[in-house]
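S.K.: Below you'll find the structure I mean.
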Amino acid sequence: MTIFHFFNCAILTFGPHAVYYSATPLSEYDTIGTSVKTAVVYLVTALVKLVCLATFLKVSESDSFDPYQELLKALIGFVDVAGLYFALTRLTHRNISQNHKFQAVGLGWAFADSVLHRLAPLWVGARGLEFTWDYILQGLEANANLVLSISLAALGSLMWLRKNKPKTLIPIIYTCAGIVATMPSITSYLKLSLGWQLPKVVGFELFTSLVMAFISWQLFAACQKPSN
């Protein structure tokens, strides 16, 4: 039963990444190389963030929300934006369109995040003797992160690669990118300051990811239209 529970949680956590790759044109254009290189960039970015967090943040003696600490975390979190910028603009890609490029980058970024932050807890905890919903919620959280990562990659593609975008959309693009980039701090505030439990936080992340995906899709479609 424990192995069955582990495999169920693992499929829920990592399965959507494989489904997204095979169900979209990414598999037809063989963009797996782009996703793998993006995953390597993510690992380097995560190492830089870890060093910054260890250097500038102090160990909190309580679980209360510390605005100063969370502000530092949010600023350090923008290292992810720098990593995505590098992945989108500096990595060599095969002859794929901008549309497929940001999806491959977002997919590789989200998969690396799930492996780094969820694989070990899943392997240790989901095989325990006592059933818990935490790892199912963790899988749902990974799905929300997948959508948010692709949304942020789409917004980054518009910011850094799309030169002829309508000027009226530029503030909206940057605002949405800022919201997605600071989602870890937002969820931390909900948990520590407002006392939200994990199911409520995961529900918020799923809802927010769908909203940001819809907005990103609309912005990307609007920027694709030829200007008059």
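Cβ atoms are placed via backbone N, Cα and C, with glycine included.
As listed in TrEMBL for this protein:
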{"type": "TRANSMEM", "residues": "39-59", "note": "transmembrane segment"}
{"type": "TRANSMEM", "residues": "71-92", "note": "transmembrane segment"}
{"type": "TRANSMEM", "residues": "104-124", "note": "transmembrane segment"}
{"type": "TRANSMEM", "residues": "144-161", "note": "transmembrane segment"}
{"type": "TRANSMEM", "residues": "168-190", "note": "transmembrane segment"}
{"type": "TRANSMEM", "residues": "202-223", "note": "transmembrane segment"}
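Please go over these features one by one and say how buried each is and what sits next to it.
M.R.: Counting only same-chain residues 6+ beyond the ends of the transmembrane segment (39-59), those with a CB under 8 A from a CB of the stretch are 69, 72-73, 76-77, 79-80, 82-83, 86-87, 91, 108-109, 111-113, 115-116.
A Cβ distance under 8 Å defines the sequence-distant neighbours of the transmembrane segment (71-92), meaning residues of its chain 6+ beyond its ends; these are 34, 37-38, 41-42, 44-45, 48-49, 52-53, 56-57, 101-102, 105, 108-109, 152-153, 156-157, 160-161, 177, 181-182, 184-185, 188.
Counting only same-chain residues 6+ beyond the ends of the transmembrane segment (104-124), those with a CB under 8 A from a CB of the stretch are 6, 9-10, 13-14, 17, 20-21, 26, 31-32, 34-43, 46, 83-84, 87-88, 93, 96, 135, 138-139, 142, 145-146, 148-154.
Within its own chain, the transmembrane segment (202-223) is flanked in space by residues 99, 137, 140-141, 143-145, 147-148, 150-151, 154-155, 157-158, 162, 165-166, 169, 172-173, 176, 179-180, 183, 187, 190, 196, which lie at least six positions past its ends and keep a Cβ under 8 Å from the stretch.
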S.K.: Against which stretches of its own chain does the transmembrane segment (144-161) lie, if we need a Cβ under 8 Å and a gap of at least six residues from its ends?
M.R.: 16-17, 20, 81, 84-85, 87-89, 98, 101-103, 105-107, 109-111, 113-114, 169, 173-174, 176-177, 180-181, 183, 202, 205-206, 208-210, 212-213, 215-217, 219-220, 223
